[in-house]
Amino acid sequence: MTGRNETSATLRARAEVDLDALRGNVRTLRARAGGAALMAVVKSDAYGHGMLPVARAAREAGATWLGTATPHEALALRAAGVPGRIMCWLWTPGDPWREGVEADLDMSVSALWALREVTAAARAAGRPARIHLKADTGLGRNGCQPADWPELVAAALAAEAAGEATVTGLWSHFACADEPGHPSIAAQLDLFHEMVTHAEKEGVRPEVRHIANSAAALTVPASHFDLVRAGIATYGISPSPEIGTSRDLGLRPVMTLAASVALVKRVPGGHGVGYGHQYRTPHATTLGLIPLGYADGVPRHASGRGPVLVDGVRRRVAGRVAMDQFVVDLAGDTPEEGARAVLFGPGDHGEPTAQDWAEAADTIAYEIVTRIGSRVPRVHLNEREARDGQASE
Ligand SMILES: Cc1ncc(COP(=O)(O)O)c(C=O)c1O
């Protein structure tokens with residue numbers, strides 16, 4: 001194992017992050033993207049996988065762009081010495097635009113207020129800001145409405161003429177790309193074409209036009225344009241079961257969440273287990289205590305349902321998930337304390353997957369991996385020594 005050393009914290013529980021699997025996923029996505037470049041989306045601490053090691057590994061495998069939500073995440077990448085193109089898209093008035101300009105970030109602009117702030121920052125920094133104009137083609141979240149687009153485009157062109165901005169990108173985001181054939185996909189693509197065409201006719205010369213997330217990168221080739229932004233697929237997880245399993249898509253889940261069994265004991269039949277006694281042993285049995293709880297991101301909503309591989313055997317959470325721990329019924333087996341319990345992983349040794357936990361908790365696998373708490377150490381496997389962040393393949 002490379003990366004961090006085993007400590008008593010990692011003995012309790014750990015999220016193992018296989019950077020070779022991540023590199024393989026990046027290569028697969030690059031191949032699927034055809035001629036388009038790949039942005040690895042590393043927001044929210046790389047969906048819980050650890051932003052810096054993931055960013056470096058993604059670059060090693062040829063992700064030429066990195067994407068974050070907040071400017072603070074992007075600036076943290078720069079502060080750690082990560083070079084190359086980094087885009088961030090979730091800006092709030094008063095955010096660090098000047099630091100963004102000085103750090104050479106590509107910054108999303110959805111509205112005139114943002115253009116005003118970024119151009120003021122560019123004047124203060126004494127150089128143009130790199131901006132991507134975001135079109136709301138139907139998601140109804142961030143982005144500029146079609147009716148307001150001509151005004152935003154005109155203002156951006158004026159900022160270019162004044163030497164305060166360079167429009168490096170035109171972009172948008174899908175609402176339902178994870179539902180193959182959903183009519184909004186074609187409608188958003190049509191509108192994106194229209195809005196890009198308008199901007200280009202007016203004189204915008206974007207370096208990259210982009211709209212595809214993982215689902216679109218995998219299933220809608222017409223959405224690839226110059227760049228695809230892949231988050232969840234980079235981590236080896238399918239955007240939705242409708243699109244296929246990780247294996248169907250040639251992806252390998254990157255994170256394995258494991259813990260050491262903290263206690264094994266015999267109990268009589270009829271014994272209540274955990275808060276509220278939601279589980280009662282049907283007969284004399286053995287119980288195993290797993291030292292992970294909802295503070296660590298194990299969803300309480302999966303109480304009584306979440307699957308776990310304990311010492312090689314599939315079990316289920318018995319009773320409620322508590323803040324720091326939960327219990328499994330070991331059906332008379334007596335694994336040693338310290339035996340390995342795997343909540344999820346790639347699935348090739350009988351362990352559940354993050355998708356299994358998503359189903360048990362009635363949510364999506366994105367939420368399962370992203371919410372693993374900060375108390376769980378990330379142990380990065382197969383980290384390379386070279387730390388220059390440059391693509392090496
Ligand atoms: C603007 C934007 N682009 C791309 C992504 C990546 O999406 P996915 O993880 O589905 O690939 C996200 C994540 O939600 C996003 O907010």
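In case you wondered, yes, glycine gets a Cβ from its N, Cα and C as well.
Automated prediction, rather than curation, is the source of TrEMBL annotations.
Under the heading active site, proton acceptor, TrEMBL lists LYS43, TYR275. What TrEMBL lists as substrate binding site is ARG141, MET323. Under the heading domain 'Alanine racemase C-terminal', TrEMBL lists 254-381. Per TrEMBL, N6-(pyridoxal phosphate)lysine is recorded for LYS43.
A straight line from the CA of TYR275 (active site, proton acceptor) to the CA of ARG141 (substrate binding site) spans 40 Å.
Cβ-based neighbour count (10 Å, all protein chains) for TYR275 (active site, proton acceptor) stands at 13. Taking only the Cα positions, the spacing between MET323 (substrate binding site) and LYS43 (active site, proton acceptor) is 26 angstrom. For LYS43 (active site, proton acceptor), the count of additional Cβ atoms within 10 Å of its Cβ stands at 19 [all protein chains shown]. Model confidence over the domain 'Alanine racemase C-terminal' (254-381) stands at 98, taken as the mean pLDDT rounded to a whole number. For ARG141 (substrate binding site), the same-chain residues 6+ apart in sequence whose C-beta sits under 8 angstroms from its C-beta are HIS173.
In the three-state DSSP assignment, the secondary structure recorded for LYS43 (active site, proton acceptor) is helix.
Taking all protein chains in view, 12 other C-beta atoms sit within 10 angstroms of the C-beta of MET323 (substrate binding site). DSSP labels the residues of the domain 'Alanine racemase C-terminal' (254-381) in these numbers: 22 helix, 44 strand, 62 coil.
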